[in-house]
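See below for the structure under consideration.
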């Protein structure tokens, strides 16, 4: 491990990528700690302490999960990666509905660039909407309930517009930084920024668990997190290897092919994307309800307000757990269906003279791949759902339903381990290309 790390730093190109990624991460954390103009930061800090200790503490922890604590502090990067994630969900859903998007997806790199451009435009529009909602909630006292202090001292139109523009610009900058990491650094940029935001909150949340619940609960939570980490690493490395044989063929005077290889199908083919999508989607009803309440100035008594307040504001509630679990299952199947097309894989294999032993090329191969993929996706989706909701159940039973520290939850652990493994594998492939021994044995 140490020798591989030293080798990665000795390689000029790889060292440049690692240092570039670290530089972007540092800038991201600086922006996440920099208050927006017009925000009374000491009052914000005091309100966060009061709100986190109240009944809404759990949903506040969930909201802060993807921003590293920046959202509730109303910093420059308060909106963070959420607009881009939401835009990605919408664009990928539209590929099933709009034929033009489906055609772009099949056009390769050029089509993907166009889809990315549409995602950026939609992300900026969503950033404006989300920043406006956050500022409106903060101005009306609905963002941090139970706090009477003024978060925004000067509530003139000019000040509010400036804060919205700053947060929107921050979201655009975060999106650009994530794409820079993907293009010039190591790992997936957006996923890595989410990873950094979660990791930044672990020390403070660990101290909070230790002080509020004592050493026994803290040890139990750490042990549960360790067990989850081991299980996640084990499953993430698991794959079904489908043997592929390539027939010999003559090209000029040379013989090509005749080799045997395999097509790896991971148990968790979708990665952490379904968890990120489900986590970002499940808090939207709460945010919309808070915005409506702050706009009307009264607490709603409709069935929707009661449903959101009772079930969707408490991550340890059984209804919340069931909806969250169902969303993960849905997004797992949906994302796998988009990223892995059995028909395209079968056509590619047939084009280059490849076939699965015992299976005819073409349609039978596609049907076989679809059958195997469906059998793998079911346990993979259940695995993601169970790991994500297991700490919710554990803390509900063991801690009497008190506030959940989400950086130690299954969602955060899944994202951190998934992103960490993906980043290590990218460094591993870079080292192996240069004939160095990698991290993974």
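Numbers here mean position along the shown chain, with the first residue as 1.
Using the three backbone atoms N, Cα and C, a Cβ is placed for every residue, glycine included.
Of the candidate ranges 361-381, 403-423, Swiss-Prot annotates residues 403-423 with the feature transmembrane segment. Residues 124-144 are the range that Swiss-Prot records as transmembrane segment, among 103-123, 124-144. Taking every listed stretch (124-144, 157-177, 180-200, 215-235, 272-292) in turn, the largest tally of C-beta pairs under 8 A with the transmembrane segment (78-98) is reached by 157-177. Proximity of the transmembrane segment (157-177) to the transmembrane segment (272-292) is not established, fewer than 3 Cβ-Cβ distances being under 8 Å for residue pairs spaced 6 or more apart. Counting residues 6+ beyond its ends, the transmembrane segment (18-38) has Cβ neighbours under 8 Å at 8-9, 44, 67-70, 73-78, 80, 152-154, 159-160, 162-163, 166-167, 170, 173-174, 177, 180-181, 184-187, 189, 192-193, 196-197, 200, 427 in the same chain. Between the transmembrane segment (180-200) and the listed ranges 124-144, 215-235, 272-292, the one holding the most Cβ pairs under 8 Å is 272-292.
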